[in-house]
Amino acid sequence: MKVFLIGFMGCGKSTKAKQLAHRLDCPVIDLDAEIVSKTGKTIAEYFAEFGESGFRNYESEMLKTHPYPENCVVATGGGLPCFFDNMEWMNANGETVYLQMEPAQLVSRLHNRHKRPLIADLDDEQLLEFIKTKLQERDPFYTQAKVVVNAFDLDAETLESQLVH
Ligand SMILES: Nc1ncnc2c1ncn2[C@@H]1O[C@H](COP(=O)(O)OP(=O)(O)O)[C@@H](O)[C@H]1O
Ligand SMILES: O=C(O)C1=C[C@@H](OP(=O)(O)O)[C@@H](O)[C@H](O)C1
Ligand SMILES: [Mg+2]
C-alpha cells in the first residue's frame, strides 16, 4: 500500500511521513527531497530558475514516474494535490490522507520560511492572510483525500489507526 500525505505547508507531512513509515516498517519518500536530489537544486533555487509553473510540471512528473516500492509512505509538497490531475492520480494509486490544520496553527509551524519560496518574504501577519486565502483555494482539492485527520497534536499511532486498509 502507498500512503500519500497531503496538506498545507507546515502541517507536518515530511515529519509525519517519517514517523508513519517507521511504524509501518516501510520506506519513506519525500517528493520535495527527491526533486532536490535529482536536480541538485533547492526548492527555492528551482522556483527562482524555472518559476512556479516549471516547478509544478516537474513535481507532477516526479509524482507519476517515481519508482515507488509496493509499500511506502509518501510526503508530498503542499501545492501538489492542487495542480493537473495529481489528486486523482494519488487516489487511484494509493491511500490519501489530508493532515488538516487551522491557519493560526500553521503560522506557528512555519519558521523556516526561506526554504519555502511562496512564503519566504512574508511576516507573521502577512503569512496568516496568505494562508487563509490559499487554504480556501486549496481545500477543495485536499478534501478529496480518502482520509481527513486533524493534524495538530497528531501522533503517529493515531495517524496509523486512521488508515482505511
Ligand atoms: N508535532 C509537532 N510539534 C511541533 N512542531 C512540529 C511537529 N511536527 C512538525 N513540526 C515542525 O513544523 C514544521 C513543519 O513540519 P514539516 O514536516 O516540514 O511540514 P510539511 O512537510 O507539511 O511542510 C517543521 O519545522 C517541524 O519541525
Ligand atoms: O505549498 C506549496 O505550494 C509548496 C510546498 C512546499 O512543500 P511543503 O508543504 O513540504 O512545505 C514545496 O513543495 C514548495 O515550496 C511549494
Ligand atoms: Mg515537506
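Glycine too: its Cβ is placed from the backbone N, Cα and C atoms.
According to TrEMBL, the feature ATP binding site maps to Gly10, Cys11, Gly12, Lys13, Ser14, Thr15, Arg116. The Cβ of Lys13 (ATP binding site) lies under 8 Å from the Cβ of Leu5, Ile6, Gly7, Ala75, Thr76, Gly78, Leu99, each of which sits 6+ residues away along the same chain. Under the three-state DSSP scheme, Lys13 (ATP binding site) falls in the helix class.
Marked as Mg(2+) binding site by TrEMBL: Ser14. The C-beta environment of Ser14 (ATP binding site), restricted to residues of the same chain at least 6 apart in sequence and closer than 8 Å, consists of Asp30, Asp32, Ala33, Ala75.
The annotation substrate binding site is assigned in TrEMBL to Asp32, Arg56, Gly78, Arg138. Around Asp32 (substrate binding site), a 10 Å sphere centred on its CB holds 21 further CB atoms from the protein chains shown. Under DSSP, Asp32 (substrate binding site) is assigned to a helix (H, G or I) in the three-state scheme.
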Check: same-chain CB within 8 A of ATP site center, minus Gly10, Cys11, Gly12, Lys13, Ser14, Thr15, Arg116: Gly7, Met9, Lys16, Ala75, Gly78, Leu99, Arg109
Recorded substrate site residues Asp32, Arg56, Gly78, Arg138, farthest C-alpha pair in Å: 18
Listed binding-site residues adjacent to ligand 2, that is, members of Asp32, Gly78, Arg138 whose C-beta is under 6 A away: Asp32, Gly78
Around the Cβ of Arg56 (substrate binding site), the count of other Cβ atoms that are within 10 Å: 18
For Gly78 (substrate binding site): DSSP state (helix, strand, coil): coil
Where the C-beta lies under 6 angstroms from ligand 3, the matching binding-site residues among Cys11, Gly12, Lys13, Ser14, Arg56: Lys13, Ser14
